[in-house]
Amino acid sequence: MQFLSSFVFAALALLPLSAMAVDEAASEIASSTKPASTNGTLSFCLGVKHADGTCKYTDDYLADFEVLAPYTNMIRTYATSDCNTLEYLLPALAQSPYNFSAILGVWPTDDAHYDLEKQALMQYLPQYGVDHVRAITVGSEVLYRNDLPADVLAERIYDVRGLVQQKLGFDVPVGTADSWNLWAGGSGDVVITASDFIMSNDFPYWQGQNTSNMTNTFISDTLAALERVQSVKGTNNVTFWVGETGWPTDGPSYGEADATVDIASEFFQEALCNIRRKGIDIFFFEAFDEDWKGDSSSVEPYFGAMYSNRTLKYNLNCTSE
């Protein structure tokens, strides 16, 4: 949802499943991804700016990792050159005592920006290595925003993979992240084919779902995306993450969805913990509030699991069974 404005998801939402159907769907997910005894991991999308909009440096990332360490050791970012992300993030990953890794992002638009992104990869990956680089995403919700046609995005995924794996010689998987409905609806098939992995983003808040429907909606959306990825790949053995999901804790309502700490906590416990128990790895959007994005007239600054001062909003340990 980085750089995402409040577009309407509601018309694209699948009908919520019954509780029994959701349980069956989640069981299918588990059998398709990991052994049933293996819980999915919790990771966080991490912004590269302070609350005032200034860029983070290595010490700032180290401080982020320290407060995130009880819950995860993996984060994802969205660009390599913006805020000189790689220059300061890669040393932090290497220095942190908590063994953090990252899924790095490459922003594929516009052409000049894209060139800067690749230059950052060429400069800093050889310098710092990839021991703490789990994967690379080329774009985030590029198809959803119509930033690039699917075939052009696929070409840029191949381009970055060639740069990283062939030219630089690093065995790092390359894929992308987009809204669940773009995968489920089939318009991203050529991108699925091009990708080593797929991330599916899903925000029931932006579908206007209330507390009665948010969990069922999230699980049914995720299953629909996963099934399409498996179909296109021709195998159930795919690398698939929930790339972004979360719930705002302040700001205006959207349809029947209210933005409160209590509902965000409920969404975490009911939807996210449920799907993790079935073996799906998730990236929570996001680690910290990003105050620089706006004010109380928007929910965009308030998706953090923690406030911008790095204090926790609600329990991030799964408690319900």
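Including glycine, each Cβ sits where the backbone N, Cα and C put it.
Quick look at what Swiss-Prot lists:
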type: SIGNAL; residues: 1-21; note: signal peptide
type: CARBOHYD; residues: Asn39; note: N-linked glycosylation site
type: CARBOHYD; residues: Asn99; note: N-linked glycosylation site
type: ACT_SITE; residues: Glu141; note: active site, proton donor
type: CARBOHYD; residues: Asn210; note: N-linked glycosylation site
type: CARBOHYD; residues: Asn213; note: N-linked glycosylation site
type: CARBOHYD; residues: Asn237; note: N-linked glycosylation site
type: ACT_SITE; residues: Glu244; note: active site, nucleophile
type: CARBOHYD; residues: Asn309; note: N-linked glycosylation site
type: CARBOHYD; residues: Asn317; note: N-linked glycosylation site
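In this structure, Asn317 (N-linked glycosylation site) belongs to neither helix nor strand by DSSP; it is coil.
Other Cβ atoms within 10 Å of the Cβ of Asn39 (N-linked glycosylation site), summed over all protein chains shown, number 17. When Cα-Cα distances from Asn99 (N-linked glycosylation site) are compared across the recorded positions Glu141, Asn213, Asn317, the shortest belongs to Asn317.
A 10 Å cutoff on Cβ-Cβ distances gives Asn309 (N-linked glycosylation site) a total of 10 other Cβ atoms nearby, all chains included. Cβ contacts within 10 Å of Asn99 (N-linked glycosylation site), excluding its own Cβ and spanning all protein chains shown: 12. Asn237 (N-linked glycosylation site) has Asn39 as its nearest neighbour among the glycosylation sites Asn39, Asn210, Asn317, going by CA to CA distance. The sparsest Cβ neighbourhood within 10 Å, among the listed glycosylation sites (Asn210, Asn213, Asn237), is found at Asn237.
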